[in-house]
């Protein structure tokens, strides 16, 4: 049974990876893996698979400040096992770091140096609401023999300068940035002009730098500065899907299930002799207490699963599993649904061909994952229902 549970977990994760690959490769115009079988569109599996690149795609070489920023964000928001911290302050369940496409630099014009940056925006997903958008950039560039003072502004054709509104500057969130960097809120600009548009969307910004008076910045020094490491976009999302919770048992049924088991079974057998002309043999006991339904720890590394080419953190995943025999009387502490309680009575009294309730996870906790998407973006995301925390019979 343990091996079967493990194989089920690995199969589900395999389906997750496959479906995510198909969605991502379709969006970037690459073919999917032809030799993999078709997979069912289970909601959680489909959601996770929408983030991962194909296995044949090597992890993009993402170094420098974007990766350092997201690693620090992850460490502040989750522990080493991936459990979200209770005191996390990012105010979102998903953060996507988007790097610009290849930039276009204008010819030098006196002391001004301008680069046009395009940030591709993925299609909207109904399940996620954009709650914050910021641009992070270096406001001081230290080049050989000189330095530049820089800022980011919205791109407007034939406009020398067009600053964001002063109210959008700065950030009220705790900063993860060194002193040479600035994070600026551009939610109003993104939300009004781009986010609700259909089709391909690109956020175009200008990275404008000015050299001090009396200094000279040679053109080859400027072109040696990579905008991929000096400017990036951060998009913050919240999951809008409601999590369905198990309803508590009615008061009468709760009292019914908490009565003395022997008395309850005697009454049940009496009812069974009326309900069934040929009742089957009853179970005399539930077995040793160690065999009862309970939570068992289980851990696997993403490297073992072959997913370390796109998952940055954590390195280990502890899904856990439930195993054991469900007792004859499902007491209230097991949090079993009404259907399972009735099913157990039917198995005991009426027809043993009706299976007993199974030992399955009841409560889950999320896991935070930092990963690289197919297009090279870095994603922090909290996935619900990934770690079993308690068990029930149903």
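Yeah, the Cβs are placed from backbone N, Cα and C, and that goes for glycine too.
Annotated features, as they stand in Swiss-Prot:
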- 1-18: signal peptide (SIGNAL)
- 87: N-linked glycosylation site (CARBOHYD)
- 238: N-linked glycosylation site (CARBOHYD)
- 293-359: disulfide bond (DISULFID)
- 322-391: disulfide bond (DISULFID)
- 326-393: disulfide bond (DISULFID)
- 375: N-linked glycosylation site (CARBOHYD)
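Everything Swiss-Prot records as a feature, shown here on the structure.
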residue: 87; record: N-linked glycosylation site; Cβ neighbours (10 Å): 7
residue: 238; record: N-linked glycosylation site; Cβ neighbours (10 Å): 15
residue: 293; record: disulfide bond; Cβ neighbours (10 Å): 22
residue: 322; record: disulfide bond; Cβ neighbours (10 Å): 19
residue: 326; record: disulfide bond; Cβ neighbours (10 Å): 22
residue: 359; record: disulfide bond; Cβ neighbours (10 Å): 23
residue: 375; record: N-linked glycosylation site; Cβ neighbours (10 Å): 15
residue: 391; record: disulfide bond; Cβ neighbours (10 Å): 24
residue: 393; record: disulfide bond; Cβ neighbours (10 Å): 26
**Asked** Any idea what the Cα distance is from residue 293 (disulfide bond) over to residue 391 (disulfide bond), rounded to a whole Å?
**Response** 7
**Prompt:** Using Cα-Cα distances with a 10 Å cut-off, which of the recorded positions 87, 238, 359, 375 are near residue 322 (disulfide bond)?
**Reply:** 359
**Prompt:** Which of the three DSSP states, helix, strand or coil, fits residue 391 (disulfide bond)?
**Reply:** strand
**Request:** Sort the recorded positions 87, 238, 326, 359, 375 by C-alpha distance from residue 391 (disulfide bond) and give me just the closest.
**Result:** 359
**Cα separation, residue 393 (disulfide bond) to residue 359 (disulfide bond) (Å, whole number)** = 5
**Complete:** Whole-number Å distance separating the Cα atoms of residue 238 (N-linked glycosylation site) and residue 87 (N-linked glycosylation site) is 17
